[in-house]
Amino acid sequence: MATCPRGCAPAVRLCQKLNRLKTLDGDMMATSLKRCLSTLDLTLMGVGGMVGSGLYVLTGTVAKDTAGPAVIISFIFAGIASLLAAFCYAEFGASIPKTGSAYMFTYVSVGELWAFLIGWNVILENMIGGAAVARAWSGYLDSIFNHAIQNFTETHIMQWHVPFLAHYPDLLAAGILVVASVFISFGVQVSSYLNHIFSSISMGVIVFILVFGFVLAEPANWSQEQGGFAPFGLSGILAGSATCFYAFVGFDVIASSSEEAKNPQKAVPIATAISLGLAATAYILVSTVLTLMVPWRTLDPNSALADAFFRRGYSWAGIIVAVGSICAMNTVLLCNLFSLPRIVYAMAEDGLFFSIFARVNPLTKVPVNAILVFGILMAAMALMFDLEALVQFLSIGTLLAYTFVAASVIVLQSQAISEDTDEPKQYESLSDKIQLVDSQVTRERRGVGQLKACWEPYLDRLVGDCEPGEVVAFCVTGLIVSSVSLCVVLEFGNNELQLPVWSFAMLLVIFSLALILSLALIWVHEPRKNSKTFQVPLVPLTPGVSILINIFLMMKLSLLTWIRFTVWIAIGLFVYFGYGIWHSKEGKRELQPKDMAARYVVLPSGSLVETVQSVQPDGQVDTSGHLISSASIPAAEECAEKR
C-alpha cells in the first residue's frame, strides 16, 4: 500500500480535518429543542417565507420591464427550477431531521469547511434579507401616511449623507425587528401562532385580489394592440424566470424547522410540496390578474396591484391590498428571524461557532442568545445601511447553498447507511475511503455506491476496483466543474471572452459531453433505496439539472457581488481557522480513544466478518495490503478460532 512522504503528513492531516464529516447520533429525533410543529405549521411557514413583498412588487416589475404578460410563463419556469432544489431540501429534512438546513446537509455529506462556509453565507443572507424586508415594510407603511415618518425623522432627529448608509436612520424598521425578535424568543409555538395569523390574512387578501381582479379582467390587454402576450420574446421570458426564481426563496425554512417538527419524515416533504405549489399558484394567478386588469406598459413597478385597482376606480381595494402586503412582509420577516438563529445554533452546537449561541432556554426551548443577538444586529443593519446595493448579495448565498445541497443528495444516495441502528452514524467522505474488504468479495456482494450488475461486463475493468461511492464522489466534482465551465462559456463566450464561433461551439460540446458523462457514470452505480423517508426522484438527473440552473444564475450576478462574496468568504475563513477548527466537536471526537466503529475483516477462509473495534490513529497493514486497525486483529483471530 502506497504511503506518502513524512513531509506531506501535516498537509494530509489538515485536509482530513477540513473534510471530516458530522457524526449523527442513532436517535435522530433526540433534541434539546421542542418538537411541536405539525405539517400545517410547516406549510404555513413555507408559504410565509415565499409569498412576501415579491407578490406585490416583483410581479409588476418583471411584467413591465422584462417579460410583459408572459411573466406567467416566467413564474412557471422559475417554479419548476425551484421545485428541483426543494426536492433536495425535502429529502435531507426528512432523512436528517436536524436544524441547520443547508449547513447541516453539507456537513454530513461533503465536509466541515464547506459546511461552515455555507452556513456563514446563509447567516449573512438571512441578516440582509431580514433587514431589507424590514426597510421595505417601513417604507410601505410610511407611504400610506404620505411619508410623514421619514419627514419627521429627517427634520427632528437626524439625517446623513454617507456612502452605503441610508439618508436617515430608519427607526421604524429597527423597531419592528427588535419587537419581532422578542416575540420569537418566547418559543416556537408563539412564532408559529403569529405566522398563522399573518399568513391567513395574506392568503385571504390574495383570494380577494384574484376574485375581484378576474371580474375586472379585460382580455384586450393581451392583444397585439397592447404589444401581445410575449412582447420581449423568449429571451425576456428566460430573463424574467431568472428574476422570478428568487421569489421562491424561503422554502428552506421548512428544512430548518425539521428538528422542531413532530413527524419530520412525513411533514417536511408534504409541507415543502404544498407550500411551493401554493406559492407558485399565487404568483401565476396574481400575474394573470394584474396583466389583464391594466395594460402591462402602464404598470407601476413599486405598487402594481394597489395602483391597478386605483386606476380602475376602486381606491378602497388598494387599502385591502396594502394590508395584505404588510402581513405578507411580516411573515417573511418572521421566517428570517426564525431560520437565522437556528443555523447559528447548529453551528455553535457543533463547535464551529461561538458556544454562547448553543445555549437553549430551558423554558422556551429556543436558542434565545442567538435570537436576540442576531435580531439586534439585523435591526442595526436596517437602521443605518442603504441595503439596495447589498440586496443582490442575497442571490449568491442562496444559489451556492442550493448547489451544495443538490450535490450532497447525490453523495448521500451513493452511501450505505444503516437506518435501524442506535449507534452513531457517519457518512463517508472521499478522504475517509479505505479499502478494507478484498475486491473479489466486494464484487460478489454488490451494494450501494457500487457498479450496477448489468454494467459490470463493460465498466468493471475501468471502475470496478474503486471503493463504494468513490467514483460517484469524483463524478459529482466533475459535474460541478463541467457545469461551471459550460455556464462561463454560455454567459461570457461571445461578449467578454470574444471567442470565435468554432471555439465557442467546440467548448460547448466538450463541456456538455463532460457533464453528460458525469451524470451517466453516477447513474450506473447502485443508489441507496429507503422506503421510510422521501427520496429525490430521478437521481442524478434532478439534482444535476438543479446544479446547472443554480450555477447559470450565479454567472449572471454582477462583478461587485462576486467581490463582496469573496470578502465575506475571507472573513469566514478567518473565523473558521481562528476558532471553528480548534473547537469542532468532530475534532474532539477523533481524539477520544473509545470511539467505536464497525469494520469488515476478511478471514483466511475468505469469509466476511464484521468486528466492532476502537478507531486508532495508527494502523497495521495485513498481508493483502489492506489497512486494518490494530484492535481488529485479536477480534479476527478469535472469530477464526471459533470457526
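All positions are counted from 1 along the displayed chain.
Cβ coordinates are placed from backbone N, Cα and C, and glycine is handled just like the others.
Note that the structure is a prediction, hence the values are computed from the model and not measured.
Record features, source TrEMBL:
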type	residues	note
DOMAIN	534-584	domain 'Cationic amino acid transporter C-terminal'
TRANSMEM	70-90	transmembrane segment
TRANSMEM	102-123	transmembrane segment
TRANSMEM	171-190	transmembrane segment
TRANSMEM	197-217	transmembrane segment
TRANSMEM	229-255	transmembrane segment
TRANSMEM	267-294	transmembrane segment
TRANSMEM	314-338	transmembrane segment
TRANSMEM	366-385	transmembrane segment
TRANSMEM	391-412	transmembrane segment
TRANSMEM	471-493	transmembrane segment
TRANSMEM	499-524	transmembrane segment
TRANSMEM	561-582	transmembrane segment
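Within its own chain, the transmembrane segment (267-294) is flanked in space by residues 37-39, 42-47, 49-51, 54-55, 59-60, 63, 68-69, 71-72, 75-76, 79, 82-83, 86, 89-91, 93-94, 97, 203, 206, 209-210, 213-214, 216-219, 221-222, 244, 247-248, 251, 254-255, 258, 261, 304-305, 308-309, 311-312, 533-534, which lie at least six positions past its ends and keep a Cβ under 8 Å from the stretch. Residue counts for the domain 'Cationic amino acid transporter C-terminal' (534-584) under DSSP, helix first, then strand, then coil, are 40 helix, 0 strand, 11 coil. Three or more CB pairs closer than 8 A are found between the transmembrane segment (102-123) and the transmembrane segment (561-582), so contact between the two stretches is assigned (pairs 6 or more residues apart). When averaged over the domain 'Cationic amino acid transporter C-terminal' (534-584), pLDDT in the model lands at 91. Remote same-chain partners of the transmembrane segment (229-255), defined as residues 6 or more beyond its termini with a Cβ less than 8 Å from a stretch Cβ, comprise 42-43, 45-46, 48-50, 52, 54-55, 58, 61-62, 66-71, 73-75, 77-79, 81-82, 86, 89-90, 92-93, 101-102, 105, 222, 268, 271-272, 275-276, 279-280, 283, 296, 332, 335, 338-339, 394-395, 398, 401, 553, 556. Of the candidate ranges 70-90, 171-190, 314-338, 499-524, 561-582, 314-338 has the most C-beta pairs within less than 8 angstroms of the transmembrane segment (197-217). The stretches the transmembrane segment (70-90) and the transmembrane segment (499-524) do not meet in space: the count of Cβ pairs below 8 angstroms, excluding pairs fewer than 6 apart in sequence, stays at fewer than three. Residues 84-85, 88-89, 91-92, 95, 101-102, 105-106, 108-110, 114, 118, 121-122, 124-125, 128-129, 132, 246, 249, 252, 427, 469, 472-473, 476, 479-480, 522, 528, 536, 539-540, 543-544, 546-547, 550-551, 553-554, 557-558, 561-562, 564-565, 568 of the same chain, all 6+ positions outside the transmembrane segment (391-412), place their C-beta atoms under 8 angstroms from a C-beta of that stretch. Here the transmembrane segment (499-524) has Cβ contacts under 8 Å with residues 410, 414, 451-452, 455, 459, 463, 471-472, 475-476, 478-479, 481-483, 485-486, 489-490, 493, 539-541, 544, 548 of the same chain, all six or more residues outside its ends.
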